[in-house]
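Some notes on the structure that comes next.
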Amino acid sequence: MGVRRKSPGSPSLLWGKLQTLWQDKHLVLFKTEYTLLVVSVLWLLEIGINVWVIQKVAYTEIDWKAYMDEVEGVINGTYDYTQLKGDTGPLVYPAGFVYIFTALYYITNHGLNIRLGQYIFAVFYLITLLLVFRIYNRTKKVPPYVFFFVCCASYRIHSIFVLRLFNDPVAMMLLFAAVNLFIDGYWTLGCGMYSLAVSVKMNVLLFAPGLLFLLLSEFGLIRTIPKLSLCAAIQLLLGVPFLLENPIGYVSRAFDLGRQFMFKWTVNWRFLPEWLFLNRYFHLLLLTAHLLTLLLFAFHRWKRPGESIFELFKDQRKRKIPPQKNNVDHILQFHVKLSNVLFLKECMSRSLHYQFYVWYFHTLPYLLWSGGVKKLAHLLRVLILGLIELSWNTYPSTNSSSAALHVCHLIILLCLWLSPPLPSAPADLKEQRSVKDKRQ
């Protein structure tokens, strides 16, 4: 008779795992192999935390009523974007925002049942957290104790989701869904989801340079074009009612790249005089710095040694260095590029308002723990997270809080620049390629 194998779910194996867990109990918060366990516990805790926040902390009206007024105009038959407005000004978000918040308008009794709206946004928060934790669990780059700061410890993020009901969390939820699809290899679906995120708020376009780089890396120019066309087609389809009514009005309002921000709301430039903050030449300088930094990273940090950036435009089979397979290292590099692109924009943004924190908050631990400065102590990284959180929680912002935010951003930017480049192609693959070229 053969030896009977134990099934994966047998009690003895389960008991063995529990014994191992008990023996490593002092390391659970530090060993990345326990990421799934820790984030599962934190996610369950977040259910109670969100209920407590909604019940005990006062809701603050900022944009919700304006959102409801804007979509009410569409419901009443106004499709000219230049005629749609709310308490805080004109409608400046793309069509996806209109459809999603129209649904919320009806679900919340024309926007009057704010408590129900808060619980809906709590669900959005939990979905976002689930998507973020799934990425961290796949990459296993950040020690589990850090995830406490990703969720439970951030007052500002809870406020943005369930106490303010901004549209930024909806856009970021869809974006993280797209990132998960990309990581799993569903590129076409991911591009569709990414376009939906853009349709809620234009700021998601900040990820576009990183996504373009990744699409070119994965598919080359010719096979990237259909995916970019899908993104554009979704925008056109969603905007049809408004484009037919007033195409110039829709595009100029929904995708206004020249919006002027108010100095009183800035988080990152409080130490500047207001005239300089509003100066268009200063905005142009920041944009130039951002584009130059993107180019530096693209040419020197995002490609493998010995590989020309122009190789990306070729089909994978015609490249000198074979592309990476979809393994854990590839996933890491994928997420680093997308996170880097957004972080570079955050560093050089002409203004950061309080709700903008959600754009990059969930990627900060990844950026800190995947940087190239290995000697950067864990305590120092946590301190940087704490200072960033403190800066975003200071209202109104001060010279000191803005300066501290810039210092933290510069430290992270330095870590990213010092991070190791993509690994070179394995020697055997290079040799095979060389032999193939000689035969040809």
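Cβ from N, Cα, C; glycine included.
According to TrEMBL:
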| type | residues | note |
| --- | --- | --- |
| TRANSMEM | 34-54 | transmembrane segment |
| TRANSMEM | 91-107 | transmembrane segment |
| TRANSMEM | 119-136 | transmembrane segment |
| TRANSMEM | 142-163 | transmembrane segment |
| TRANSMEM | 170-187 | transmembrane segment |
| TRANSMEM | 193-216 | transmembrane segment |
| TRANSMEM | 228-244 | transmembrane segment |
| TRANSMEM | 281-299 | transmembrane segment |
The transmembrane segment (142-163) in contact with the transmembrane segment (119-136), cutoff 8 A, at least 3 CB pairs, sep 6+:
yes
If contact means at least 3 Cβ pairs within less than 8 Å, sequence distance 6 or more, would you call the transmembrane segment (228-244) and the transmembrane segment (170-187) in contact?
no
Using a Cβ cut-off of under 8 Å, list the residues of the same chain at least 6 residues beyond the transmembrane segment (170-187) that approach it.
97, 100, 124, 127-128, 131-132, 134-135, 138, 193-194, 196-198, 200-201, 203-204, 207, 214-215, 218-219, 227, 326, 331, 334-335, 338, 358-359, 362
Quick test of the contact rule: Cβ under 8 Å, at least six residues beyond the ends. What residues does that give for the transmembrane segment (119-136)?
35, 39, 42-43, 46-47, 50-51, 54, 104, 107-108, 142, 147, 150-151, 157-158, 161-162, 165, 169-170, 172-173, 176-177, 179-180, 183, 335, 362, 365-366
